[in-house]
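Down below is the structure, laid out as structure tokens.
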Amino acid sequence: MSIVAVGINHKTAPVAVREKISFNPDKLSIALQEMLNAVQCREVAILSTCNRTELYLVQDGDFDVTQQRLIKWLESFHNVPASTILPSLYWHKDQQAVNHMMRVACGLDSLVLGEPQILGQMKQAYSQAKAAGSMSLIMDRLFQRTFGVAKQVRTETEIGASAVSVAFASVNLAKHIFGGLEKTKVLLVGAGETIELVAKHLYENNVGKITVANRTLARAENMATKIGADVITLAQIPEHMCNADIVISSTGSTLPIIGKGMVEQALASRKHQPIFMVDLAVPRDIEEQVSELEDVFLYTVDDLQGIIAKNIANRRKAAVQAESIVNSQSDNFMAWLRGLNTQDTVISYRKQCLDNRDVLLEKAFIQLKNGKNSEAVLAELANKLTNKFMHAPTSALQSAAQGGELDKLIYLRDIFNIDSQE
């Protein structure tokens, strides 16, 4: 029995290749059942995200045969030639597979080192496999242990503590300055991808109120509905800025949208209560001279890049600690798995012995019922049991001796405790 992880990700293939073997969530249950049958394995799970598709298997067969079956199934299921995906596939087996799964869950293999979203995606993959009935004892235990490792890494290292995107860094900086965002009012200028991410982080941090200003209201309204924000036009910014404790801007404008005079008026209306401002745009949305105002804390994208560079360095240090935790926990899982294999062997051997005993006992009972001498029956039973239990070990010892397999012979003598009996 072995554990296998096979996949394709952002490091091994461009999106044009990755999208060819991504799995539609609506068809995942069918895919899991098909894979079980086509690849002839015990258990399977599938993780499919925009950056990676990975298949996790527990199988009994020859590894090379499993590889061939899996590639053939991927070809058939996705209607894509093997030559398109084979160069991008990576394969891990047993402890390497366990180690890989744990690294993925901890964000150590992610495009953004330490990102937490992958753990949620792995939990979803686990739930889908459970619901499809494609997962049993070993894969279930592996996923549970993997989730535990990810939690341990988050708790014991700083892998996720530092912001490594300008959107996340902006919100973190605001949170640090205000000590919490629950009572703050935020004005977001723009409605592009960066501002959407900022809005998402603000919403997750329970910010007091968000107002979105954009040139076209339709796009801003689409975003605002998701986070319960108000929407205004760019022309309305001057009358609303006085209400904002935080202003974060990122538009595609070629000229500044927020000037020094506009901010001065807002500060006067606020009785010079400070405003925290972040300009994420290039070219800048906020005039450089705004930084001269005493009650304004203005940060540009360059200021944040400096913070992010330090944070990335901190994450890399934390990643070294995380790798150590992963290695230790994958060792623990493999020890559990070996124990499970030993237990299976003991159970199988015990069942075999009990079956042999029951057959011989049944014959002995018949002999006793037929009036045969009880001592003779017991002697015959003991003799047959001894011969039965001695047959396999005797054959193994003779085979090892005749084949000159000294190591095997010593091992067998140790197993049967022969030398200590002499």
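Cβ from N, Cα, C; glycine included.
If you look up Swiss-Prot, you'll see Cys50 marked as active site, nucleophile, on the strength of sequence analysis. Around the Cβ of Cys50 (active site, nucleophile), the number of neighbouring Cβ atoms within 10 Å comes to 12.
In the three-state DSSP reading, Pro116 (substrate binding site) counts as coil. Residues within less than 8 Å, Cβ to Cβ, of Pro116 (substrate binding site) and separated from it by at least 6 positions along the same chain comprise Gly107, Arg154, Gly160. Here Swiss-Prot flags Thr49, Cys50, Asn51, Arg52, Ser110, Glu115, Pro116, Gln117, Gln121 as substrate binding site, drawing on sequence analysis.
For Ala191 (NADP(+) binding site), the number of other Cβ atoms no farther than 10 Å from its own Cβ, over all displayed protein chains, is 25. If you look up Swiss-Prot, you'll see Gly190, Ala191, Gly192, Glu193, Thr194, Ile195 marked as NADP(+) binding site, on the strength of sequence analysis.
The feature site 'Important for activity' is assigned by Swiss-Prot to His100, with sequence analysis given as support. In the three-state DSSP assignment, the secondary structure recorded for His100 (site 'Important for activity') is helix.
When the binding-site residues Gly190, Ala191, Gly192, Thr194, Ile195 are ranked by how far their Cα is from the Cα of Asn51 (substrate binding site), Thr194 comes first. Taking the Cα atom of each, Ser110 (substrate binding site) and Cys50 (active site, nucleophile) are about 11 angstrom apart. Neighbour count (other Cβ atoms within 10 Å of the Cβ, all protein chains): 10 for Glu193 (NADP(+) binding site).
Taking a C-beta cut-off of under 8 Å and a sequence gap of six or more, Thr194 (NADP(+) binding site) has these contacts in its own chain: Val166, Ala167, Ser250, Leu280.
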